[in-house]
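Engineer: According to TrEMBL, the protein carries these features:
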- HIS44, SER61, TYR139, VAL140, ASN141, SER160, HIS254, PRO255, GLU256, THR271: iminosuccinate binding site (BINDING)
- CYS108, CYS228, CYS318: [4Fe-4S] cluster binding site (BINDING)
Amino acid sequence: MSLLETLQVQTLPEKYKSLTQDEMEKRIWEIKKELGAKLFIPCHHYQREEVYQFADAAGDSLQLAQISAKNRDAKYIVFCGVHFMAETADILTSDEQTVILPDMRAGCSMADMADIHQTERAWDMLQQLFGDTILPLTYVNSTAAIKAFVGRNGGATVTSSNAKKMVEWAFTQKERIFFLPDQHLGRNTAYDLGVDLKDMAVWDPIRNELIYECALENIKVILWKGHCSVHEHFTVKNIEFVRKKFPDMQIIVHPECSREVVAHSDLNGSTKYIIETIEKAPAGSEWAIGTEMNLVQRLFKNHPDKKIISLNPVMCPCLTMNRIDLPHLLWSLENIMEGKETNVIKVDEVTASDAVLALERMLQR
Ligand code: 13P
Ligand code: SF4
């Protein structure tokens, strides 16, 4: 028995593999029309174009969380994004609404880098070292269990577009922050707020140890040793190459890139910030973009008056975001039409009630 069968995850029936793109698109438009306001399709900016065209709302992680919190009309939310985003949508919507992820394999390698047992273990050790001086913050790119841990301990979620505001708030609550699971977003944000790099420690969840250079009492930020397996592929070498080959080109990257890459770039910011910067840029301007490839390709297509390249020429899209494709989207929708709900994302009540505290502390700011 395969792992997916053991977990009772349903996989795409064979019949969807032989349909043409036109057939699938036509059927999806028909179902959207039939279901009307009962169906809502939120879509992250990193989704494939073939799926993105069906979005009722598109956004970055923060916008999608805000949209989910507001939407009370749709009975079915077919989430085109990754697992943690669908969990967030389930936590923020009512019990009468059903959140569906078209392919259960659409996870996030960064979110998988912090499990709740590792986190509880780390927290116990950090409490022994620092007492009650730490506030946990988690990037929304984390499991519902981690969000619940953060909520229980007075902390909040953050996204790349509000990380500065949330870290500033966290320092009004406690002396130190524990930032999960993306060390790069945590480091880049704290650095921008004036925290010295040497006052930032790293928690290694595999070796169960705190890595630091300064005196223990000077540590201000504890970064979980996690990263995004897409954004880690942008390097300082890529930047040096672009600077040499295209001297007029500006380099803009997502803060999930390493500190070195962000420091060598011209601009950095969330998905929303990158999109808005390119939209506002004058015709003829030149951009090397360090973020997910589906988004870079969309920006390239939507702005023919600007020269746009990927900062890394051999970059591929986020593999898990890419798992949501036309066959899976159609399959989810046809199941709804037949009264069968497949791949439903349901966070248990106890976890959801703690996780919502962390999400609401973010959404209120
Ligand atoms: P944002 O949508 O917050 O920019 O995050 C990017 C990302 O990696 C989503 O998985
Ligand atoms: Fe996760 Fe990175 Fe993919 Fe976003 S781009 S879903 S953080 S692996």
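The backbone N, Cα and C atoms fix where each Cβ goes, and this holds for glycine too.
Predicted automatically and left uncurated, TrEMBL annotations should be read as such.
As the structure is a computational prediction, the values presented were derived from the model and not from experiment.
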Engineer: Rounded to the nearest Å, what's the C-alpha distance separating GLU256 (iminosuccinate binding site) and CYS318 ([4Fe-4S] cluster binding site)? Just drop the number here, would you?
Structural biologist: 13
Engineer: Of the binding-site residues HIS44, TYR139, ASN141, HIS254, which sits closest to CYS108 ([4Fe-4S] cluster binding site) by Cα distance?
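Structural biologist: Answer for the nearest of the binding-site residues: ASN141.
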Engineer: I want to verify one value. Collapsing DSSP to three states, which class is HIS254 (iminosuccinate binding site)?
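Structural biologist: Going by the DSSP assignment, HIS254 (iminosuccinate binding site) belongs to neither helix nor strand, so it counts as coil.
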Engineer: Tell me the Cβ neighbour count for ASN141 (iminosuccinate binding site), meaning other Cβ atoms within 10 Å of its Cβ, over all protein chains shown.
Structural biologist: 29
Engineer: Excluding CYS108, CYS228, CYS318, please set out which residues of the same chain place their CB within 8 Å of the center of the CB atoms of the [4Fe-4S] cluster site, keeping sequence order.
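Structural biologist: Result: VAL82, SER109, MET110, ALA111, ASN141, SER229, VAL230, HIS231, GLU256, GLU292, THR320, MET321.
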Engineer: Which residues of the same chain, at least 6 positions away in sequence, have a Cβ lying under 8 Å from the Cβ of HIS44 (iminosuccinate binding site)?
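Structural biologist: The list for HIS44 (iminosuccinate binding site) reads ALA58, GLY59, ASP60, SER61, LEU64, CYS80, GLY81, VAL82, MET85, MET321, given in order along the sequence.
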Engineer: Measuring Cα to Cα, how many angstrom lie between TYR139 (iminosuccinate binding site) and CYS318 ([4Fe-4S] cluster binding site)?
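Structural biologist: For TYR139 (iminosuccinate binding site) versus CYS318 ([4Fe-4S] cluster binding site), the Cα atoms are 18 Å apart.
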Engineer: In terms of DSSP three-state secondary structure, what is the assignment for CYS318 ([4Fe-4S] cluster binding site)?
Structural biologist: coil
Engineer: Could you tell me the C-alpha distance between CYS228 ([4Fe-4S] cluster binding site) and ASN141 (iminosuccinate binding site) in angstrom, no decimals?
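Structural biologist: Pair distance, Cα basis, whole Å: 10 Å.
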Engineer: Could you list, ordered by sequence, which of these binding-site residues: HIS44, TYR139, HIS254, have a Cβ under 6 Å from ligand 2?
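Structural biologist: Not one meets the Cβ criterion.
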Engineer: Between the Cα atoms of CYS318 ([4Fe-4S] cluster binding site) and HIS254 (iminosuccinate binding site), find the distance and write it as a whole number of Å.
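Structural biologist: Approximately 14 Å lies between the Cα of CYS318 ([4Fe-4S] cluster binding site) and that of HIS254 (iminosuccinate binding site).
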Engineer: Only counting partners 6 or more residues apart, tell me which same-chain residues put their Cβ under 8 Å from the Cβ of HIS254 (iminosuccinate binding site).
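Structural biologist: Correct list: SER160, HIS231, ASN268, GLY269, SER270, THR271, ILE274, GLY290, THR291, GLU292.
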